[in-house]
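Undergrad: Right, I'll just put the structure down here and ask away after.
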Amino acid sequence: MKWPATLLAVLVVLVFPAFARARVVPAPAAPPAAAPTPAALPSRIEEEAADSPRASMRRFLDLSAHAQWREASTYLDVPRAQEKRGPELASRLHEVLERKLVIHPELLSPQSSGAPDASGGILVLGEIDGGGRPQPITIERRPALAPGEHGVWVFGRGTVDAIDRLYDALETDWASEHLPAPFLARGPKGLYVWQWLGIPVLALGSAAAGLLLTWLLGLLVRVVVDPCSRTARFLPRLRQPVRLAWATVAFWLASPLLVLPLRASEFVDRLLGALGYLALFWAAILVLMAAGDEATEGPWVDGRPTARTLTVVGVRLGKAVVVAIGLMLALSRLGYSPTSIVAGLGLGGIVVALAAQKTVENFIGSIAILVDQPFHIGDRIRVGDFVRPEKIEGVVESIGLRTTRLRTTDRTVIVIPNGKLADSRIESLSEREVARLTTHVRLSRAPSASQLRVLRASLKRAVRKHPLIRASDVTVELGEIGESSFDLHVTAFVETIELDEFDRVRGEVLLACIETVDRSGFELALPTHSVIATGPQPAPRH
């Protein structure tokens, strides 16, 4: 039962971007070539004439956005008999365009004559289905009416005559029939007040729906999946991205209630698509992390420290790749061209390379460490410089893409850049099978040479008696004749590599040496100092 449940969870996440991407927005029956998407924006800035189609349509849209209908009506070829209805016709045309056709002024010609292929000075912006009959939306050039004025591009007579028919064919807006007047006022971005208030309400409702649907899906998974299986431990990790995905779908299904303008609706669709990609790649990262945890904690890595280290680094690299791909797709869904993004990264490559020299050095150092494998996670190592005598000792906690972390005996964490670590002298203390123990027993100069030989043999026997001391490698020799002592050098090897156990054995061996010296009747040497006073002799007493 593992695979059906896993496939169910993966499919639930995979379909959400498709839902957000597949929404059908009201659009013209036959989209013209003159109204491409924003992704097709011209890459160069052209000089714009004041009497160009681009300038005229931008001015009309700006006036309409501020409800200046009388001024906006000057961009309509209104018949003389209907001049009084000019502001009303401009308002109705703006409503029709918001609901049925998006005009991108930046895509229109910046020249006074319009596009080179404009026949008879007429441009077709698109078509709108009005009452079962497609209606072309056209603009045409109207020459200057007086000397010193400039011409202007206006909506053609055929478009103006069809405004009432197109307006009557719009779907009924439930809000305008049931909400009071204050909610029907225009707000920012051309949206009504009730639409601005409805967006957060709909978002909260979608979040609640996401919680409910995720809980219901969890109940289904508990029925299908064996609670003791690995899948049952893995699926709860997907709760957050699945919740986001359900909320995205809920908002997509309910967004028609807001009756958003076409431009705002397109933006919402792109945003929902980006959220869908976010849910998908969020789930992919969690799946990658779960697979890494399963790999590093499984029995197959026992005795394979290299596999554990490579898995940890591989998961981190995989997360970086998934995040990069997810961001690229999300930005592309929001209307940013991937080609432009890559080109921008290429232009800034030199700057990034100069600023990231150390980062690249550390990354290459991490690769060198992983390939050469001088140590593994959990090893105790000692890091020293080839020139300076200072050394750092600790247990390797993690090997990252940039740094390696060591836990010292003081329980502090030392972070070493991998570039510097790869060039350092590294002693792997975990690779040794035994630990070397050395100490000096300093005796007073009282014993004779024969007594020193007897004491040396007694110390060797005492050290060999310890169960963790390798008996064949114990040495006790007279190492030095000091100013006030005979120094016996004791060397032994402890059959352990654990620091705590080594410290315990070292203490027991030192106590055994002290007891042996006491039983032999000798004394440990104490540092002595001679003080010689010089100066005038004191006067004799009489």
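Cβ atoms here come from the backbone N, Cα and C positions, even for glycine.
As annotated in TrEMBL:
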- 320-357: domain 'Mechanosensitive ion channel transmembrane helices 2/3' (DOMAIN)
- 359-427: domain 'Mechanosensitive ion channel MscS' (DOMAIN)
- 29-53: region 'Disordered' (REGION)
- 1-22: signal peptide (SIGNAL)
- 193-221: transmembrane segment (TRANSMEM)
- 242-262: transmembrane segment (TRANSMEM)
- 274-292: transmembrane segment (TRANSMEM)
- 313-331: transmembrane segment (TRANSMEM)
- 337-356: transmembrane segment (TRANSMEM)
Undergrad: Other than its close neighbours in sequence, what residues sit by the transmembrane segment (313-331), given a CB gap under 8 Å and a spacing of at least six beyond its ends?
TA: 274, 277-278, 280-282, 284-285, 288-289, 291-292, 338, 341, 366, 370, 399-401
Undergrad: Just give the helix, strand and coil counts over the domain 'Mechanosensitive ion channel MscS' (359-427), going by DSSP.
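TA: For that range the per-state counts are 19 helix, 27 strand, 23 coil.
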Undergrad: Considering every residue in the domain 'Mechanosensitive ion channel MscS' (359-427), what is the mean pLDDT value?
TA: 82
